[in-house]
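S.K.: Sharing the feature lines straight out of TrEMBL:
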| type | residues | note |
| --- | --- | --- |
| REGION | 1-54 | region 'Disordered' |
| COMPBIAS | 7-21 | compositional bias 'Gly residues' |
| COMPBIAS | 27-38 | compositional bias 'Basic and acidic residues' |
| DOMAIN | 215-519 | domain 'SAM-dependent MTase RsmB/NOP-type' |
| ACT_SITE | Cys452 | active site, nucleophile |
Amino acid sequence: MSDSGTNGSGRGGGPRQGGQSSGRSGSHRDAKGRERNRGPRTFTDNAPSQRTRRADPARLVAFEVLRAVASEDAYANLVLPARIRHHGLDKRDAGFATELSYGALRGQGTYDAVLARCVDRPLDQLDPAILDALRIGAHQLLAMRVPAHAALDQTVGLARAVIGAGPSTLINAVLRKVSARSLEEWLELLLSEETDETRIASTRYAHPEWIVRALRQSLVAHGRPVAEINDLLAADNAAPVVNLVALPGLGSLDEALEGGATPGELVADSALSSGGDLGRLASVREGSLRVQDVGSQLVARAMAAVDLGDRTTRSSGAADGGERWLDLCAGPGGKAALLAALARQQGAHLLANESAPHRAKLVRQALSAVPEEGWSVRTGDGREMGAEQPESFDRVLVDVPCTGLGALRRRPESRWRRTPKDLVDLGPLQRQLLKSALDAVKPGGVVAYVTCSPHPAETTAVVSDVLRKREDLELLDAGAVLDSVSLTGGLDAGHDLTAQLWPHVHQTDAMFLALIHKKA
Ligand SMILES: C[S@@+](CC[C@H](N)C(=O)[O-])C[C@H]1O[C@@H](n2cnc3c(N)ncnc32)[C@H](O)[C@@H]1O
């Protein structure tokens, strides 16, 4: 619903400019602009629009990222670095482009609610490129410390350069209306008559309603107060910190710390990056210093730290009598790299399995800093592993494909892409992979079931379904093991023997961990 009469340049009709004719040449340019804007596009330096009118490169990068996400189903975290490199942005502009593209994508739900009040037609009737330019403008005006005149001028200039003159007039008019109120004033206006708590949280924190409900359910399922929901939603909207891990026994934090990183407080061998291009660090280039969320570090370390005593039957162990470890779903290899380093320290061997060949390649790259005799990579379906190599591994990590509802802050577009159906669709695969892991582990060994989602359908329900059918399995106290591998202890992540980390509590991704012991 619009509360004003700004005319939109929609797919169906030509742009109207405040009731005046745009004139023949304007209409012609606008038609060309709309034509350029259809379908997937790349914005090269050779585009005529950019030869004549240069857009601010940082805003152009953000616009290109939003366009690629919308029209090519691209992932922002993959497109963004490529566009930053292509346009040769310096550190400051790269930071601005990152904040602008990620912020506009994350905040889309809130910005669309505001924009809907400023345009005279449903937003889905706007040309998608115009809508993306409006979102970029709205984020600058409502959430960044960009002066309003600069946000307006630069966004309109961008639109004129890459979309066309007519659309830029519309964008100017709409963004002027957006700029008339602060974000808080807009939210007051939008929510003044709303009583439904889910809809209020959905608009205020830019999450689809079903995800607000799903995260509330997740808090309850893992024993946290439901009143934390707003903190959790707000944490999803904060730019995630970049954590580093120095592979134990192989890497060092020194270079990163000298460059301004701060030592990690929750887990050993970790640091908080000071930002900038990490590729400048030799240790990152050689792979002994890696970017990894602290939650991922903690769950991998927990699997390695479970005290198996001499409970496992060593007869089918590694040739030298050390343990055999399996990472069943290893791609792209973040946890596998840490596990391989830990395995090396403990005299164990790691087999990293991944079903997608291109991701298995990434696993090999991730493992390259660890001496090769300590690990191997298998490309294959993890569901077959239990039958192919039954009772063969002392420790198995099964980090199953999931909705990623616990990592929304890292993947800004994913909240708008995911649907409740994903939860249903992933369930059978998650159960099959866990069963296979449990078949592959030796009696006396341990399986770590991990997700980067806190949703009970992917966490506790999967574990209890699978355990219900087997008497040879028992849950270990995952919260206690997590405490034992953290530097501080007292994480307060445990509930009913499983453990759940949270962005708003631990500043990690919302990783779930169940440690399942196969009785000897
Ligand atoms: C959540 S990711 C694992 C992340 C990884 N542990 C890390 O820390 O980098 C899940 C992985 O499982 C893989 N996968 C999906 N189906 C699989 C299957 N049937 N067998 C083995 N791997 C599978 C996906 O390709 C994906 O790489």
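Note that Cβ sites are derived from N, Cα and C of the backbone, with glycine treated the same way.
Remember, it's a predicted structure, so these values are computed and weren't measured experimentally.
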S.K.: Mind looking up the mean pLDDT for the domain 'SAM-dependent MTase RsmB/NOP-type' (215-519) in the predicted model?
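M.R.: Taking every residue in the domain 'SAM-dependent MTase RsmB/NOP-type' (215-519) and averaging pLDDT yields 95.
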S.K.: Tell me which residues of the chain lie with their Cβ under 8 angstroms from that of the residue listed as 'active site, nucleophile', as long as they are six or more apart in sequence?
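M.R.: In sequence order, Gly295, Ser296, Asp399, Cys402, Gly404, Gly406, Ala407, Asp509, Ala510, Met511, Phe512 meet the Cβ cut-off.
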S.K.: Does DSSP give Cys452 (active site, nucleophile) helix, strand or coil?
M.R.: coil
